[in-house]
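Here is the structure we will look at.
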Amino acid sequence: MDPRLREEVVRLIIALTSDNGASLSKGLESRVSALEKTSQIHSDTILRITQGLDDANKRIIALEQSRDDLVASVSDAQLAISRLESSIGALQTVVNGLDSSVTQLGARVGQLETGLAELRVDHDNLVARVDTAERNIGSLTTELSTLTLRVTSIQADFESRISTLERTAVTSAGAPLSIRNNRMTMGLNDGLTLSGNNLAIRLPGNTGLNIQNGGLQFRFNTDQFQIVNNNLTLKTTVFDSINSRIGATEQSYVASAVTPLRLNSSTKVLDMLIDSSTLEINSSGQLTVRSTSPNLRYPIADVSGGIGMSPNYRFRQSMWIGIVSYSGSGLNWRVQVNSDIFIVDDYIHICLPAFDGFSIADGGDLSLNFVTGLLPPLLTGDTEPAFHNDVVTYGAQTVAIGLSSGGAPQYMSKNLWVEQWQDGVLRLRVEGGGSITHSNSKWPAMTVSYPRSFT
């Protein structure tokens, strides 16, 4: 709104509110009419200005669009110029290549001129050689005429000889003759062969046939065969013997069998049906009553065909004089002992005496080698346990071992058990109980027991 119009409206409002419009009521209508006209004029002016602004905005937008089109056209022109510059560079390269090609073409033309000069020389040589060839052809023509005369003179002789061959030549042959590759051959079966230039009969080996004195002979054993009335027969001595043996066989021949006997017609074997639960054939081929042996359990066993106590079930005593070896954490030492060994039933008891050793670790092994040192009647295998190395340990016990460095020993409780037996060497495990600084160890007497093997 126009500022002057605004001030006029404010002034009128103040005047109206001051005396309820009484003083201004007379001139108000004319002034309001004037204000309405002024407002209408201002509205028309604002409308024209607004329309002018819209037209100006449209023209600005059109100008901006034209500017964008011009920018795009300039970019296209720059791109086209760049392409033209590239094409000009390529044309320059082609022109340079054409210059090089023209130079090479000039060199090749020079070479062609040199080659044409050489071709002229070769042409002259060819002309000379053609002249020589013409002279040689004339000589050959003369020789060919001479050869024609010779062939004509020989033709009559050849015709006469060919006629003679046609009259006398063999062109076909009857069986067993045949013509193959201008040769006449004869077909022979397996019974005939050629011996030199003669036809002979083929006689296979070991048939008794032989050709001798122009005839076919048959050879036979005169001790067993003879010829009677042109027939080959057995001699009486041979025939009578065979006849006698056949008669004896017929008399002893078993044609059938009665139960419990059975005759197998396919194998010609006579056997007997038996109840295998009560009868059996012994090692002598005799029929015996089957004896039922009871299932014996240890210590009862079959002893020499009878029932008795197992030989392993008894008390045996012996001695082992050998070396006890200790090893553990780099410590190794050996001592010799005399040990009593007792075998009672299925257990073996090894009584080790007290002995003095050297330094031991917190855990180590005692090894007893039974390969040597066992006194009769025990053998190395008698010490084999029922196990070799198992999770189950035997002979577990606690032993008090005195450790010292020359003074009074201090006893440590160690756990000892059977760990392994291999190839006659029994290994005992000793560990636990702690340790002190020492150089000597005092081992008590102890007994190691474990079940032994019966294999």
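Backbone N, Cα and C define each Cβ position, glycine as well.
Because the structure is a prediction, the values reported are computed rather than measured.
Pulled from Swiss-Prot, these are the features on record:
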type     : residues : note
COILED   : 116-148  : coiled coil
CARBOHYD : ASN231   : N-linked glycosylation site
CARBOHYD : ASN264   : N-linked glycosylation site
CARBOHYD : ASN282   : N-linked glycosylation site
REGION   : 1-307    : region 'Tail'
REGION   : 308-455  : region 'Head'
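Sequence features annotated in Swiss-Prot and their locations in the structure.
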{"residue": "ASN231", "record": "N-linked glycosylation site", "DSSP class": "strand"}
{"residue": "ASN264", "record": "N-linked glycosylation site", "DSSP class": "strand"}
{"residue": "ASN282", "record": "N-linked glycosylation site", "DSSP class": "coil"}
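Cα of ASN231 (N-linked glycosylation site) to Cα of ASN264 (N-linked glycosylation site): a distance of 41 Å. For the pair formed by ASN264 (N-linked glycosylation site) and ASN282 (N-linked glycosylation site), distance between Cα atoms is given as 22 Å, rounded to the nearest Å. Counting every protein chain shown, the number of other Cβ atoms lying within 10 Å of the Cβ of ASN282 (N-linked glycosylation site) is 9. Within the group of glycosylation sites (ASN231, ASN264), the Cβ with the highest number of other Cβ atoms inside 10 Å belongs to ASN264. The region 'Head' (308-455): residue composition by secondary structure is 4 helix, 91 strand, 53 coil, according to DSSP. Taken together, the residues in the region 'Tail' (1-307) have a mean pLDDT of 75 on the 0 to 100 scale.
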